[in-house]
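Written below as structure tokens is the structure these notes are about.
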Amino acid sequence: MDKLVIRGGKQICGTIPASGSKNSALPIIAATLLTPDGTFAIDRTPDLKDVRTFIQLLNYLGAETSFENNLLKVSTGQLKSIEAPYELVKKMRASIYVLGPLLARFGHTRVSLPGGCAFGPRPVDLHIMVMEKLGATVTIEKGFINARVNGSRLRGTHIDFPISSVGATGNALMASVMAKGTTILDNAALEPEIECLCNFLVKMGAKIDGIGTTTLVIDGVDQLKAVEFENIFDRIEAGTLLCAAAITGGSVTVTSVAPEQLASVLDAFRQSGCTVTTNGNSVTLTAPAELNPVDITARPYPEFPTDMQAQWMALMTQARGDSTIIDRIYLERFNHIPELNRLGAHIEIRDNWALVHGPQELTGTKVMSTDLRASACLVLAGLVAKDTTEVLRVYHLDRGYEAIEKKLTALGADIRREKYQEFS
């Protein structure tokens, strides 16, 4: 197993480009299953564990793929299976994205219930509701979702999501683009990753109106085609790198971004006393002499993202005063708190919110990652902690950050990856 060894106390300074977004790449890769026509070329695909797992899943289904220098090529003309097996799906919850496109293309599919980060309930009920609304019969048997179209193809319908869901919106889009008639999605997710998926599907030949709003109108088409496409940037990675500068008293410019997609995070940084400027496709953050405490509540886009909640908590351990952190999306996403407290933080969990007492001097020790963003949180804490911090189980980190230790090293961090043996 790998661990990251961090000697804290180094300022994070310099210029670094943002990687492509994992959260948009995965549904885009799934959408290639919609058509046998041609070869897709998806640029700016991040080289991550989750992406590699998804490529493995496509290969299992019979797709031909090549992946080099962040360019992914996919051809799904000769698929040999419509079943997504447990052995691959268990590794990440995003595997559920194959449900919609396989059902739309073949009329039936069998997908194992997904895995991924272990925090709080993440039911597949909304995905099943979407497929049933579109005219499929869905059952769950022996850990598999079995879905079959009643008739020759899915049928357009009106779907009003009870809550905003990125995953269910993505699956609804992919399932409905070739459905007969018109589908209306109300309370659709607003996240940039959904807008990116819409743009990808439109380039393939789909007809989607209302892109960038909570109401999407999809007129089904008979066929789609393979295309070339460039993925968007990873706004969570960008926010994490900005946090690294803020927590260490440094200054960083992150390039190849769309600053407007970071608006809520940049506003929070400004409230904390950081100087934040944008210039075209770049964001520059310079840390203040003292950080102000800033309360945040994680909600669906365009509000503060749940995927930045843990990193913000690490930052607030260094603020001069107390701050509160609430997560309205995943109420139990606080697995990082005990590990932060091991480093010397003083954080209390009160019902479904956390109270961070700052500032606290952190001291390096061994800490264990429990999920993707908790891993990033602990790395940030290690950057400012005295002495040496060892972050164990960084396979979680590798699911969503592309060579993060190399990027941080380029910005001045003393961080290295080492092998270790974990006792059972």
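Glycine is no exception: its Cβ is also placed from the backbone N, Cα and C atoms.
These come from Swiss-Prot:
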BINDING   LYS22, ASN23  phosphoenolpyruvate binding site
BINDING   ARG93, ARG122, PRO123, VAL124, ASP125, LEU126, ASP307, ILE329  UDP-N-acetyl-alpha-D-glucosamine binding site
ACT_SITE  CYS117  active site, proton donor
MOD_RES   CYS117  2-(S-cysteinyl)pyruvic acid O-phosphothioketal
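The two recorded residues, VAL124 (UDP-N-acetyl-alpha-D-glucosamine binding site) and ASN23 (phosphoenolpyruvate binding site), show a Cα separation of 17 Å.
The CA atom of ASN23 (phosphoenolpyruvate binding site) is located 11 Å away from the CA atom of ASP307 (UDP-N-acetyl-alpha-D-glucosamine binding site). Cβ crowding, taken as the number of other Cβ atoms within 10 Å, peaks at ASP307 among the binding-site residues ASP125, ASP307. There are 19 other CB atoms within 10 A of the CB of VAL124 (UDP-N-acetyl-alpha-D-glucosamine binding site), with all protein chains counted. For the binding-site residues shown (LYS22, ARG93), fewest C-beta neighbours within 10 angstroms: ARG93. The Cβ of ASN23 (phosphoenolpyruvate binding site) has 25 other Cβ atoms within 10 Å, all protein chains considered. When other Cβ atoms within 10 Å of the Cβ of ILE329 (UDP-N-acetyl-alpha-D-glucosamine binding site) are tallied across all protein chains shown, the result is 19.
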